[in-house]
Ligand SMILES: *Cc1c(COP(=O)(O)O)cnc(C)c1O
């Protein structure tokens, strides 16, 4: 695409954007009395206006039906989670029965590891990306300890080559093959939170399976950002949160994918609770756990109705917009951001983009490694009404989301970045 560094060009792109009107369906945070330029959907998505109504419905039911709300009314709480599965399945490319919405991300990751990290004999290692999100690191560390291993031996972290910021797929695959029979699990992010790199989930899954390992992904930064095809790629399990690109509120609920070849296997070890028990027999309150078929069989507790209600509002927007349309816009929008950043700081050596420049290898986030006073530059941007985020020691992450951000915002961002760099 031929980009131009002019406001008129940006505005013309917005006029041609079939998704432009989705902006109106969100509340934008206010800075200095006006809408902020919000490029932080990778950390906490903004509020869909419809969320309030969905919450109010459930508050009304609670007020007027109380315990009867579990079974009475239009959408009883007993199976409210079922309303979320179709939309969630479309976001991650799964069958409805392979997806369940429950709990929060790290909890779900542990539940999946209980079922899918089954070290035995010399097969006990886990391959993961070095510098994974800390919660994932702690989950793997504690799970290997739980099984009696030393995490320094059991967890194999992959790092980029000297002088590079992202992992090469070929190196990931070689490492999987090298560890071969020692490998119990490959567990990586779908997109690395720090660099914004997409990992080739299909190729990694295939390589993992070839050496007899199980393969799972944390899609915290992928779900709602890029199209994913968990079922077709044959991924064993996946987890994601809903409060980042999926705009479902702080501390929001989370999603789990279990491929159908595992979901209907009642013998797979798991930690069980009454909400995963055969729904027909759940209220007979009898001894003897019989798991539901599919991902639902991993549920523990009765549903978190208020977070679910918010998630429902958000999933409806994703269904209306469509992941493929979002991705098409996202590639242009992020490409425009990259182009403008290059233009703005041409000839200076203050920043380096550590996100892959290949659009197929990234989602909507661009991570800027700032070589001098990163914190100061970040504060200047924030004071000017741009909400981005800062990750120690020196990275500013900028994420224009296709659902509610515009080309004009990307243009304004680059103008302000230019001013800040001059004063920096
Ligand atoms: C955001 C994020 C988390 C956060 O975990 P919670 O359990 O939702 O607090 C974990 N892992 C990754 C990869 C993330 O991006």
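The count begins at 1 with the first shown residue.
Just so it is clear, glycine is given a Cβ too, placed from its N, Cα and C backbone atoms.
Pulled from TrEMBL:
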BINDING   105, 106, 133, 134, 135, 136, 218, 221, 243, 274, 302  pyridoxal 5'-phosphate binding site
MOD_RES   244  N6-(pyridoxal phosphate)lysine
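The structure, with features from TrEMBL marked on it.
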residue : record                              : DSSP (3 states)
105     : pyridoxal 5'-phosphate binding site : helix
133     : pyridoxal 5'-phosphate binding site : coil
218     : pyridoxal 5'-phosphate binding site : strand
243     : pyridoxal 5'-phosphate binding site : coil
302     : pyridoxal 5'-phosphate binding site : coil
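Residues 105, 218, taken from the binding-site residues 105, 218, 302, are distinguished by a CB atom under 6 angstroms from ligand 1. Note on the binding-site residues 133, 243: the fewest other CB atoms within 10 A surround the CB of 133.
All chains included, 25 other C-beta atoms sit within 10 angstroms of the C-beta of residue 105 (pyridoxal 5'-phosphate binding site).
Considering only the residues assigned to pyridoxal 5'-phosphate binding, 105, 106, 133, 134, 135, 136, 218, 221, 243, 274, 302, the longest pairwise Cα distance works out to 31 Å. Put simply, residue 244 (N6-(pyridoxal phosphate)lysine) is 11 Å from residue 105 (pyridoxal 5'-phosphate binding site) when counted between their Cα atoms.
On a Cα basis, residue 244 (N6-(pyridoxal phosphate)lysine) lies 24 Å away from residue 302 (pyridoxal 5'-phosphate binding site).
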